[in-house]
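Undergrad: Sending over a structure as structure tokens; questions will come in a sec.
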Amino acid sequence: MKAGIPLSRCTQRIPLLVARQVSRNITTTTTKFSLAPEYNHIRKVFDSQKYFNHFTKQGSHATLFSSPQTGLFHNEYLTTPQGLVDFSQQSLSQAKQLVSEMLSQVNTVDGKLKFIKKLDQLSDILCRVIDVAEFIRVVHPSVKWINAAQQTHEMMFEFMNQLNTNVELYSSLRDILNNPLITEQLTPEEIKVGEYLRQDFERSGIHMDPQTRENFVTITQEISLLGSQFGNQINGLKSYWCPVTVAEWESIEDPQLKKEIKNYQSKYDGIRQSETIQIPLVANIPYTILTNCSSDTLRKKVWVALHNSPDEQIETLNRFISYRALLSKMLNYKSFADYQLEHKMAKTPENVITFLFNLQKSLIKKGVVEELSQLSEIKHNGSGSASVNDIVNDIKPWDRDYLLARLQQRMQSEVSAGNVKEYFSVGTVIAGLNELFTRLYDISFVPMAALKGETWDSHQVRKIKVVDNAANKTLGFLYLDFWSTKVLPSHFTIVCSRRLNTSIGSETIEGMEKLVQLDEDYQLPVVSLVCNFASSGNFSFGRFAGVENEKPTLLTLDQVDTIFHEMGHAMHSMIGRTELHNLSGTRCSTDFVELPSVLMESFSKDPRVICQIGRHFDTDEKLPESLLGQAHEHRIMLDACETFMQSKMAMLDQKLHNEEMVNLLAKGLYEVDSTKVYHSVEKELKVFADEWSTWHGKFPHLFSYGAVYYSYLLDRAIADKIWQGLFAKDPWNGEAGKKYKESVLKWGGTRDPWECLADALGNDELKQGDSRAMEIIGQNSNL
């Protein structure tokens, strides 16, 4: 959610954070994988362009001269870029009318009883515009659509900011929630949504006096501006040239690389120095040096230069950290971390620090030292350092890629990644997931023929109806594009599930069915998963089946993980059906939202699942477990170290948003020195310690996840507990799937996450959500 926008959790785009966890201690017994009749149909819809084209033509009732039409995502307005602008203007008009109606009726009992439902409807009106505009801005191939989306975004956020300062809306909501005669007639979900919206109003400064509120708004706008600047410069370098001595350049073993660097010297426009060679930090040159060059001093210089941010970037970071500290002080919080965590699962910064500390201690014991020992042996030709301290201090960040490459050469097997890919076409994975979800949740995927205009690319995008088999009801729709050239893997919520307000007369089915897809009076969720598998470096086949040779898109194991991860989010959106939109599906606590997606990665790494799903694109042979095992061996190198590095980033995130930053305000607004904090954290935590560069200026989550970057690690720990408690014995077990669905997925954000976990794991101690609960989650984790 954007800062200062209480009425909505819009732009529900969830970026992928890839875990490297591999299921351990797995028994080799498997559940029989019986293919449903729909299996081949789903597989062909994704793998054969010819089959897909025929299916689409038949299903949409198209003729030679005409075919039924609609707009993007079945919204009748969204047929042209101007239609998007018209949709936003119509929605604005509807929103303003609804606000006027709410405030004119709030003094009546009936008006009070309907107020929260209408406030939720108002949020939904705005979200449906903002979310689709954000999607178009990021994904759509047309510049005209993108420009219209930008115009729409600005228009809607301007109105959002007006609502933020609407004291009458806030005071009416506050009075309703404080009136027991009214609240006793409201549902628990209405009260929870009302409390959530009140909290967001108050956390946005609505209850302040006018002057203080004006200052607050100015600060939040400044933070937003600085965040945009920070994001725009995230890939910048302090210098794109790294000076090294001629002797260091001579130490490069690859003559072709030396020649390439030499040829770049004429392009250097700085002051030339004798006995100095300028290494350009462009293309693959620095990465080749870090991977292949044996000189420690050369690798160190290149590594530091490659990780140094521009001075202006570090200054931008220091400033938004300072402003966040000031904002939290204005709101009477000890720190920005306290402000951020108040309504999260972790609750306090102290709980987060304890969780991270325990996790790091566990990682050191369970894998970090062992992994670093392997690197140390290679570095010292078989005679590595003796003590744990020596081993940890011995391996520098610029050693990592070089020594890892040597380790991989030593462990090189005859199995190539290409061999494994042949068992995982896109269609095979989606059809396999359909089998898994049918077994676990009694939910099925039904391919649908999209109408003309319903998708942003009629050749690429597949539409899937998600069906609850037991109830014979449609749960929602997925729009899947695995061949985008624009977007890193992402899950976009386009429309949230909710019950229409037909019973209170503020909207009609006839009016809404032009904008959304319905099941009677229920608004069905729409989710889009977008991936960029077409641009994969190892891609050797046509982008689509039916292009030239009918060979499908084949996926690496990492890409299979990606689909499983994103489908975890999608199923949360489909199953988390609520009456009100604000807490549906993935609209739950930030440090709980990754649980369903991370848990799915445990399925994608379990041989009992992946060997059943994987089938050779040509022979239909199942994936041999021995082949998978060899491929996994390469994937888990430095697994514990990678997780430890994530924990260091989470610790840095906490340190930069803690009480000390607020205390520095006494000395002046710009006293924050993020580089000093970064180097201090690195020195303290040691593993691949960086005390030289300003890499923290390249860490985008310091802005986007401010004080909650720990969330992903916490959700991995929770997912491990869920996996061990429910699925480790049999990942295809329907009873376990039902338990997880009923205790976690179906609630969206309407239930305390700790209660969900206590129910799923049968442990009442977790209900308190206190430091003890955090300790239980962190114990004996297999991260």
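Just so you know, glycine gets a Cβ as well, placed from its N, Cα and C.
What you see is a predicted model, and the numbers here were worked out from it, not measured in a lab.
Dumping what Swiss-Prot says about this protein:
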TRANSIT   1-33  transit peptide
BINDING   HIS565, HIS569, HIS572  Zn(2+) binding site
ACT_SITE  GLU566  active site
Undergrad: As a test of the contact definition, list every same-chain residue at least 6 positions from HIS572 (Zn(2+) binding site) whose Cβ is closer than 8 Å to its Cβ.
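TA: Residues satisfying the criterion: GLY585, THR586, VAL593, PRO596, SER597, LEU745, GLY748.
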Undergrad: Counting every protein chain present, what is the number of Cβ atoms, excluding its own, within 10 Å of the Cβ of HIS565 (Zn(2+) binding site)?
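TA: There are 26 such Cβ atoms around HIS565 (Zn(2+) binding site).
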Undergrad: Just how many other Cβ atoms lie inside 10 Å of the Cβ on GLU566 (active site)?
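TA: Its Cβ shell of radius 10 Å holds 24 other Cβ atoms.
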Undergrad: Run through the Cβ atoms and count how many others sit within 10 Å of the one on HIS569 (Zn(2+) binding site).
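TA: A count of 25.
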